[in-house]
Amino acid sequence: MSTKYIFVTGGVVSSIGKGIVAASLGRLLKNRGLKVTIQKFDPYINIDPGTMSPYQHGEVFVTDDGAETDLDLGHYERFIDINLNKYSNVTTGKIYSEVLRKERRGEYLGATVQVIPHITDALKEKIKRAALTTDSDVIITEVGGTVGDIESLPFLEALRQMKADVGADNVMYIHTTLLPYLKAAGEMKTKPTQHSVKELRGLGIQPNMLVIRTEEPAGQGIKNKLAQFCDVAPEAVIESLDVEHLYQIPLNLQAQGMDQIVCDHLKLDAPAADMTEWSAMVDKVMNLKKQVKISLVGKYVELQDAYISVVEALKHSGYVNDAEVKINWVNANDVTAENVAELLSDADGIIVPGGFGQRGTEGKIQAIRYARENDVPMLGVCLGMQLTCIEFARHVLGLEGANSAELAPETKYPIIDIMRDQIDIEDMGGTLRLGLYPSKLKRGSKAAAAYHNQEVVQRRHRHRYEFNNAFREQFEAAGFVFSGVSPDNRLVEIVEIPENKFFVACQYHPELSSRPNRPEELYTAFVTAAVENSN
């Protein structure tokens, strides 16, 4: 069977939910027995989002093979339950960088290097490579931004060319748009969608399906009008209504026959999607009996997308505890020794997630100290683990001024120091310790118990600094347990204080591996402890 290509574009406004639509379709096709992969095209000039501010971009999602990618890849992985790779996120910067390197090496044999064909060919190669490396039946490609953005033009041209390259039966174009509802007039407006489709057709792409994002049901009359003016079948105008829970969306799209229309267009002979388990999960999510309060102490809390995988992992772990996770967003910059008890007193559990830079670190340290001294279940992640070690050094070991060499290079007690293989690296982008690495677990520890007594667990990392082993014996003598280390025993991966209900911190990012139907184990152990603490 030829590989099938589905392209998802957006119009009218950005952040309309293209990624969720693409991920939901991926889940439906996977449940039809098809092998699916998915990728995101981002038209910005950055090579990747690794050096972008979380306020600009939100979370950086890391793949198994160490690619720093768009947060939509997190949605893709959680919905479809697949592990993506470096070909799943492509940016303008990455494409131009590769094309220019080829030009410098003389690979274009003296030709004038142009957007067409060189940039568009490179984009098409990325699409095909993503399908080839995963041996997929179907690849879904989402293009970031909206039709009409100048940055998107080479991407859309590449998508247009794909139809001629692989055949019309192997390509489908899905266009997502906003259908605004004017309360004063009491009507929906189709004109923005019509203009968006007109713009897309002007670029040579005729959409085969429209997905309309709307707050209110559109009604068949609106669908027929859009079908007529946009030249799509009435049944191929699909509603994406606002929902209480994201995981309802695949079921809503299936109820409208979206996946069947896609299969018919692409001539895919696949059985109906069995969504029984997914539906049961959604029913459970909608009817959770308990509630648990988790305080998230972070420096980017003004933009909650900066912690989207953390939030989803907490929710997933709540599901298996029959508990709705209520998150109290605590700005680390506001936390002091004087107000920490007031800010965190009602927390059933405290999580201190990752981050970079000095701002907010002292507030996080105060939150960690509060959790340790008051025996509140606490999970530290990445920088959260490093600050857990610093807090212990200062307030238990008495090492006044203990810090990280990253945050205070002049510190007398560099509890956290730069990794040896990072010392001579000057570039910031793409140079961290990235991707999947193993951690050897200490038998009898809370970490080992969380992972069902596995000897080794593999999780994704994103860091440049590590625990300074010169202090390891001093920590252990005071009851601090290093419950996870690299197989060569050189890098500290997990730390804990066994006397507390749950006081565990890890260098890696467990949230990146969590799924709604398969929550990450360390997060589950943490949320379980928080639920028990709430009783």
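Residue 1 is the first one shown; counting continues down the chain.
Every residue, even glycine, has its Cβ placed from backbone N, Cα and C.
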Of Ser2, Ser14, Ser404, Ser439, residue recorded by Swiss-Prot at the CTP site of Asp149, Ile150, Glu151, Lys189, Thr190, Lys191, Pro192, Thr193, Gln194, Lys225: Ser14
Annotated companion of Tyr55, Leu383, Gly384, Met385, Gln386, Glu406, Arg464 at the L-glutamine site, Swiss-Prot, chosen from Gly26, Gly349, Gly355, Gly435: Gly355
ATP binding, same site as Ser15, Ile16, Gly17, Lys18, Gly19, Ile20 - Swiss-Prot member from Asp70, Asp72, Asp81: Asp72
Three-class DSSP secondary structure - Ser15 (ATP binding site): coil
Neighbour count (Cβ, 10 Å) for Ser14 (CTP binding site): 12
Assigned conformation of Asp72 (ATP binding site) - DSSP reduced to three states: helix
Whole-number Å value of the largest CA-CA distance among Ser14, Lys189, Thr190, Lys191, Pro192, Thr193, Gln194, Lys225, listed as UTP-binding: 23
Nearest-integer angstrom distance between the alpha carbons (Cα) of Thr190 (UTP binding site) and Ser14 (CTP binding site): 17
Surrounding CB atoms that lie within 10 Å of the CB of Lys191 (CTP binding site), all protein chains: 10
Spatial neighbours of Glu511 (active site) that are distant in sequence (at least 6 apart) but have CB under 8 A: Ser309, Val310, Glu312, Ala313, Val381, Glu520, Tyr523
